[in-house]
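The structure appears below as structure tokens.
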């Protein structure tokens, strides 16, 4: 009895596909529309890229010695560029800066600085009462006494007032000042204001920033010239050494701006009796860089409540504020020269607590009182010279004039002359030596020299990477699932790989391997157009 193979074959018309797609992997064989075109391969991208040498190294063409040399040249140039780029980046991250000096044109008028002076001796011996000596014993080293002699036991005195003691026993400028002239005009002690420092009662000339005196010419005779008597006979005798014991004789002087409080124990210079000291000044305007190039304090951060009592931020004001906070925290009081309205420390706390607290504070960048330099600063450069006074003739004259002997004149009198060298200010400004624009320019030059690339070339490479990555993701997301044969016996769609794994149609008498399955992969409908491809198969 004859055996038949019953199969149903369905064909559909479709445009011819490229030959390379005929061996596809797991594409649908039934009604599946062809997906979007695959992205360019590396060879195609290399042949169209603007990166020099990439087309010859990775483009289409035979592989040989020439291509190998181009690959080596490309890799060498790329390595050289990366090395230079790393060096440029390291140089930029060091934040180098330079200092530019710009001497300004002479001005007709220049504001004269503030001049603060202090006698090195804090307390006049003749002005100390028995109570003062008793309370200041630890500071001065003098033994307490009464009218009957030194008798420490059983003495009772009222509580001391440190402000009153300093004001009353300090050297009075009216007694020390023998002559005063400013720009050829007479001045007096009334032109000085009282200020308290670590040296006690001191005096500042031209202290008011709202009415600072002008200097209309440079050179000697156009500034401040004063003659002082330091009153060495009022210096305290030394019975024993203390932290406050001083062996010097003379005055301390600081030249500063009106907005800056005096910090004379560290920033002042000494003037000796028996000499005329000339101080030639030059105004300097300094501009520093903030982070990341420097460590200056920017103007936007100046308005802080910690600097109450000062019109502007300065290193001196910051230091005084920090010292005050430290003394307040440890001693529960403040020293006379510190700003604020808190309780003044009594003399015994000065030596037992306050002085030790100040000595423990560091002044460097690691200390608790680190104060950054303001980004805009005015200071006065100084050149100091001196000559000995008096000569023999003037010694006799001064002795008669002030009713003193010549020895006293030589040991106590001094002359201080402060003036502008010229009415010009010197501007010094920190500038970034290597900024971002310079870095980008150097990187662009190195990139063009070694690999012939630009920013647009980098965008081309990123665009190609995006195109390839996006195509891979879409393939993963849209991978078709293999449908199963329906229970109704309808037509099922089989993938090509699954079709190869399927057993042939049921055989009704043919020899094994003689089924129609061998015919199907390249089967064309006898009446169909020559471009038709196999699509549907049912068995």
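Backbone N, Cα and C atoms are what each Cβ position is placed from, and that goes for glycine too.
On a predicted model such as this, the values are computed, not experimentally measured, just so you know.
Cβ-based neighbour count (10 Å, all protein chains) for residue 202 (disulfide bond) stands at 29. As annotated by Swiss-Prot, disulfide bond applies to 118-202 (among others), with the evidence given as similarity to another entry.
Cβ neighbours within 10 Å of residue 180 (disulfide bond), excluding its own Cβ and spanning all shown chains: 20. What Swiss-Prot lists as disulfide bond is 180-187 (among others).
There are 19 other CB atoms within 10 A of the CB of residue 296 (disulfide bond), with all protein chains counted. Residues annotated as disulfide bond in Swiss-Prot: 296-375 (among others).
Under the heading disulfide bond, Swiss-Prot lists 318-371 (among others), citing similarity to another entry as support. In the three-state DSSP reading, residue 318 (disulfide bond) counts as helix.
The disulfide bond feature in Swiss-Prot is assigned to 322-369 (among others). Packing around residue 369 (disulfide bond) is summarised by its Cβ count: 17 other Cβ atoms lie within 10 angstroms of its Cβ, all protein chains included.
The annotation disulfide bond is assigned in Swiss-Prot to 331-353 (among others). Counted within 10 Å of its Cβ, the other Cβ atoms near residue 331 (disulfide bond) come to 19, all protein chains included.
Summarising the annotation, Swiss-Prot assigns disulfide bond to 333-345 (among others). In the shown protein chains, 18 other C-beta atoms lie within 10 A of the C-beta of residue 333 (disulfide bond).
The Cβ of residue 191 (N-linked glycosylation site) lies under 8 Å from the Cβ of 180, 182, 205, 206, each of which sits 6+ residues away along the same chain. According to DSSP, residue 191 (N-linked glycosylation site) is assigned to a helical segment. Among the features that Swiss-Prot reports, N-linked glycosylation site is placed at 191 (among others), with the record citing sequence analysis.
Annotated N-linked glycosylation site per Swiss-Prot: 243 (among others), in sequence order, evidence recorded as sequence analysis.
In the three-state DSSP scheme, residue 341 (N-linked glycosylation site) falls into the coil class. Cβ environment of residue 341 (N-linked glycosylation site): no same-chain residue six or more positions apart lies under 8 Å away. The N-linked glycosylation site feature in Swiss-Prot is assigned to 341 (among others).
Annotation source Swiss-Prot lists N-linked glycosylation site at 376 (among others). Following the DSSP three-state reduction, the secondary structure of residue 376 (N-linked glycosylation site) is strand. Using a 10 Å Cβ-Cβ cutoff, residue 376 (N-linked glycosylation site) registers 17 neighbours.
Annotation comment: Swiss-Prot describes 501-531 as region 'Disordered'.
Per Swiss-Prot, topological domain 'Cytoplasmic' is recorded for 1-68 (among others).
What Swiss-Prot lists as topological domain 'Extracellular' is 90-438, and the listing cites a curator's inference.
For 460-539 (among others), the entry in Swiss-Prot reads topological domain 'Cytoplasmic'.
Sequence annotations record features per position, and here Swiss-Prot assigns transmembrane segment to 69-89 (among others).
Long-range Cβ contacts of the transmembrane segment (439-459) within its own chain (Cβ-Cβ under 8 Å, at least 6 residues beyond either end) map to 49-53, 74, 77-78, 80-81, 84-85, 88-89, 92. For the transmembrane segment (69-89), same-chain residues at least 6 beyond its ends with a Cβ under 8 Å from one of its own Cβ atoms are 53-54, 56-58, 439, 442-443, 446-447, 449-451.
Ranking the disulfide-bonded residues 118, 318, 322, 345, 353 by the number of CB atoms within 10 A of their own CB puts 118 at the top. DSSP assigns residue 296 (disulfide bond) to coil in the three-state reduction, placing it in neither a helix nor a strand. Residue 353 (disulfide bond) carries a helical DSSP state (H, G or I).
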